Amino acid sequence: MLLLAAAFLVAFVLLLYMVSPLISPKPLALPGAHVVVTGGSSGIGKCIAIECYKQGAFITLVARNEDKLLQAKKEIEMHSINDKQVVLCISVDVSQDYNQVENVIKQAQEKLGPVDMLVNCAGMAVSGKFEDLEVSTFERLMSINYLGSVYPSRAVITTMKERRVGRIVFVSSQAGQLGLFGFTAYSASKFAIRGLAEALQMEVKPYNVYITVAYPPDTDTPGFAEENRTKPLETRLISETTSVCKPEQVAKQIVKDAIQGNFNSSLGSDGYMLSALTCGMAPVTSITEGLQQVVTMGLFRTIALFYLGSFDSIVRRCMMQREKSENADKTA
């Protein structure tokens, strides 16, 4: 009886693996596709643009700094695979005025055709203890990280639905999967992206438009270097429990997942564990993905509890050291 049950289980799992590709999205062909990348003048955004360009895409780079845009354009053009490819640069703040963003997208589509893939990579990080952060910092991060993704997505979605094809990528962060000391403003803005993406995916899936939410770890970018300048000790020590990734690695994974239409995009074993742990009611791209989440949930939750204990220990040690230092100063 046990052998029969085991045989049935194995057959069922094999059937899932065979059927899964049949219900998964058809991969997006990048050769000749029009890819718009916001925040594309540096860091992960620039590397994503390069990765897409290597595969034959036409690129529209969107960022605020025109000089950085032109420099990024030169770097990207070095990776062309044919002489027909184009890199278009548009300088605009995607978080300030929706009408301006909409006009910019229209200009890009008039020159390079309908947008096949939008990558929302514009963003910034500011860390600090909750009571030390200015209220304006919370407003600024929500504007840049959240509305800066809403506006471009809203500008392309109608055309994508009409054409019955498209990909929209939201670049969140592992801090958009779990809240960490010092990230009360940043994490909130990145968690918001997850809610937007889940709701939007349910709306556009019948139109063959697929959403990808990327959760990159700490990545060696100019933005990360700037973030480290003001990072609290607790935040820095917690961050140092994992390694820093290269932007090229992150970009390759994001582009791969976006092409496949995967809802989640993560990197490494920690990223895989976090995505499985925090899947909740998020959509799955394949039956096997859902099965893996069900099977691994218990184990990953156990591991996560040890991580949380370690993080809490770091915070307590820092607090004790700070209080000891303050008491020493008072008695000096």
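Just so you know, glycine gets a Cβ as well, placed from its N, Cα and C.
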**Q.** Recorded NADPH site member, picked from Asp83, Asp93, that accompanies Gly39, Ser41, Ser42, Gly43, Arg64, Lys68 in Swiss-Prot
**A.** Asp93
Q: Name the residue range among 124-144, 187-207, 271-291 that Swiss-Prot annotates as transmembrane segment.
A: 271-291
(Q) To the nearest Å, how far is the Cα of Ser172 (active site, proton donor) from the Cα of Lys68 (NADPH binding site)? (A) 23
(Q) As a test of the contact definition, list every same-chain residue at least 6 positions from Lys68 (NADPH binding site) whose Cβ is closer than 8 Å to its Cβ. (A) Ser41, Ser42
Q.
Let me check the 10 A CB neighbour count of Ser42 (NADPH binding site). How many other CB atoms are there?
A. 19
Q) Around Asp93 (NADPH binding site), which residues of its chain at least 6 apart sit with Cβ under 8 Å of its Cβ? A) Arg64, Gln100
Q | Same chain, 6+ residues apart, C-beta under 8 Å of the C-beta of Gly43 (NADPH binding site), given in sequence order | A | Cys121, Thr219, Thr221, Pro222, Gly223, Phe224, Pro247
Q: State, in Å as a whole number, the widest CA to CA span among the NADPH-binding residues Gly39, Ser41, Ser42, Gly43, Arg64, Lys68, Asp93 given in the record.
A: 17
